[in-house]
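As written in Swiss-Prot, here are the features:
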BINDING   G154, V155, S156, R157, T158, S159, K160, T161  ADP binding site
Amino acid sequence: MMPTDGSYFHLHLVSDSTGETLITVSRAVAAQYANVSPVEHVYPLVRSQKQLDRVLTEIEEAPGIVLFTLLEKDLVGRLEAKCEEINIPSLSIIGPVMQLFQAYLGSSTTGRVGAQHTLNAEYFKRIDALNYSMIHDDGQHVEGLEDADVVLVGVSRTSKTPTSIYLANRGIRTANVPLVPGIAIPHQLETLTKPLVVSLHATPERLIQVRQNRLLSMGATVGNEDYIDRQSVNDEVSFARRLSAKYGWALLEVTRRSIEETAAAVMKLLADRQRQRQE
């Protein structure tokens, strides 16, 4: 049962694969409950009765919500039976989706455990994109920008690097280049034809807040006055907007966006651009 103070609850995530799907779904839902925090217990690669028995022991010792992605029917049955026995809720995250697919497609699944993580072309595409994005982070190796799918530009602390890595995890080769007043942009940026160039923008207020937090975490507030000076930051933002207008870069406001939301917006811009080029 949930603790009487209601400050936290146990969340058991049982998977026959990596558990990434469970983690993503459960965190998205848990974020809607600000007054309680889940204590995550993640059990990946559960593929035998012996492994499941160890999981069930831990669940019984710390009762809570049980979410699972298991394909083996015997394992599913044993897990559900145990949860019912000790009176705790359990739910298959992938089961209802598979039933919907099966009803619509009129065929059964292959039952391959971890099929989404096989070493296929998509996997190697992600690895290639990650390698590219790490090499072309923060304005490095600009001679290779034409090989990117997306080039992110923006002033400091507009989430260029984390967004680049997120996109790379989706198989999108992403470079990022900082925009700094008084420093000329790489000439390669002026002549790009293949990549989509997206200019990330945030309000001066947001940039100052993020930068102050950054400096405090580094213990480096002295000597960085211009970095958080209101007029200097205003000038940076204006400089970036002028460049975006001059070169026709797509402009994306990120002030109130998470990394995931920013990446999703970039992917939509990329898809729209690709569709227009095909028409």
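Quick reminder: no glycine exception, Cβ is built from N, Cα and C everywhere.
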Among R157, K160, which are binding-site residues, the residue with the most C-beta atoms within 10 angstroms of its C-beta: K160
DSSP output for G154 (ADP binding site) maps to strand
Write out, in the order they occur in the sequence, the residues of the chain not among G154, V155, S156, R157, T158, S159, K160, T161 that have a C-beta within 8 Å of the mean position of the C-beta atoms of the recorded ADP site. N176, P178, L200, A202
Just to confirm: which same-chain residues, 6+ apart in sequence, have a Cβ under 8 Å from the Cβ of G154 (ADP binding site)? K160, N176, P178, L179, S199, L200, H201, A240
For S159 (ADP binding site), the three-state class that DSSP assigns: coil
Using Cβ atoms only, which residues of the same chain lie under 8 Å from T161 (ADP binding site) while being at least 6 residues apart in sequence? D137, D138, N176
With every protein chain in view, how many other Cβ atoms are within 10 Å of the Cβ of S156 (ADP binding site)? 16
Measuring CB to CB from V155 (ADP binding site), give everything in the same chain under 8 Å that is also at least six residues away in sequence. P178, L179, V180, L207, E236, V237, F239, A240
Which chain-mates of T158 (ADP binding site) that are at least 6 residues away have a CB under 8 A from its CB, listed by sequence? L200, H201, A202, L207, V254
Cβ-Cβ distance under 8 Å, sequence separation of 6 or more, same chain as S159 (ADP binding site); the residues meeting this, in order, are L200, V254, I259, T262
